[in-house]
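Note sheet for the following structure.
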Amino acid sequence: MRMSAVAAFALALGLILVNFTRQCHAALQVGYYKDKCMLKDVEGIVFSAVARRFDKDPTIAAALIRLHFHDCFVNGCDASILLDGNSSEKTAPPNRSVRGYDVIDEAKGEVEKACKGVVSCADIIAMAARDAVALSGGGRYSVETGRRDGFVSLASNVDLPSPSFSVSQSVDAFAKKGLDPTDMVLLLGGHTVGVAHCSLFQDRLYNFQNSGEPDPTMDLSLLRKLKSICPQNSPADRSVDLDQNPLSSLTVDNSFYKQIILKRGILQIDQELAFDPLTNGTVASIATSNDFPAKFGQAMVKLGAVDVLTGSQGEIRKSCGVTNSYPNFLHF
């Protein structure tokens, strides 16, 4: 059989297996690896890898949270975003600025030394995101594990919600993943430690909705500041904090919500959360309470259960960048 035919067959088989097996999910569980690696602390090993990087670069927290979100929103939480290939998810435009792959690879390498062939890359992503939240002051929630890794990673499958979506469009996108509007508001609260490049919001500064004017909902002092950072037609694509409270831009807390209520949201979707009737009540509630870290953890757990592979589905990859069964099919 010619190599191209083998590759096409592998891809088709992978798609069939994924579509069939995801009709029913075995339950994920907290402490899944407790009795599977003798006395090895799998979650502790992953935490150590994340903490080492965080100590050098606290911005890695936002990257790992984003990595988890981008993985789960495409094909479910199956580590498909980690697979290499000329047309894999990594190559899709929304994923070209995703980072943190090396942290997952380092954690996987350490876990394999301690517990070979047992821990999935998908679970490592979920654990690493939790650890990033905890290291950023958001509290340590319990991660459910037991995921297995998928076979399929195609850029053409990447259909993430756009920062320019309306609230209703975003609600629809999240609903397709089994996530309700409250989940959406909480998960977008991950922007409390994130950044955005000028290209993602420059229209709000100069030509909002083709009006030739700035977005009238933006605080004027913020508008002036952002125009100085993001000059019109500048070739540079600089970045700014999504939480405009400089004392809190690296902390997982409710400051982001307080800022968008003050019309200091950076992305269009973030700002609209504060004023749209579908979400403004939830935003106000989070902004005036102290339970955001706990609720964010609950939403992350719910996100982490989207379309998972468990039991005998999928595989446990030896290396997160390639599948065990068809290591070359993404490269032709």
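Each Cβ is built from the backbone N, Cα and C atoms, and glycine gets one as well.
Keep in mind that TrEMBL annotations are predicted by a computer and have not been checked by a curator.
Residues annotated as Ca(2+) 1 binding site in TrEMBL: D71, V74, G76, D78, S80, E89. Neighbour density for G76 (Ca(2+) 1 binding site): within 10 A of its CB lie 22 other CB atoms from the protein chains shown.
Per TrEMBL, the feature disulfide bond maps to C37-C115 (among others).
What TrEMBL records for C72-C77 (among others) is disulfide bond. Applying an 8 A CB threshold to same-chain residues 6+ apart, the list for C77 (disulfide bond) reads H68, D71, A122, I125, A126, R147, L303, G304, A305, V306, D307, V308.
Annotated disulfide bond per TrEMBL: C121-C320 (among others), in sequence order. Taking Cβ-Cβ distances under 8 Å and a sequence separation of 6 or more, the neighbours of C320 (disulfide bond) in its chain are A79, L82, L83, Y101, I104, D105, K108, C121, I124, D149.
As annotated by TrEMBL, disulfide bond applies to C198-C230 (among others).
What TrEMBL lists as domain 'Plant heme peroxidase family profile' is 27-324.
Taken from TrEMBL, the feature signal peptide covers 1-26.
Note on D78 (Ca(2+) 1 binding site): other Cβ atoms within 10 Å of its Cβ, all shown chains, come to 31. Each residue contributes its Cα atom, and for C72 (disulfide bond) and D78 (Ca(2+) 1 binding site) these two points are 7 Å apart. Around C115 (disulfide bond), the C-beta neighbours below 8 angstroms that are at least 6 residues distant in the chain are Y33, K36, C37, M38, K40, V42. What surrounds the Ca(2+) 1 site, by Cβ distance within 8 Å of the Cβ centroid and not counting D71, V74, G76, D78, S80, E89, is the set H70, C72, F73, N75, C77, A79, I81, G150, S153, N157 from the same chain.
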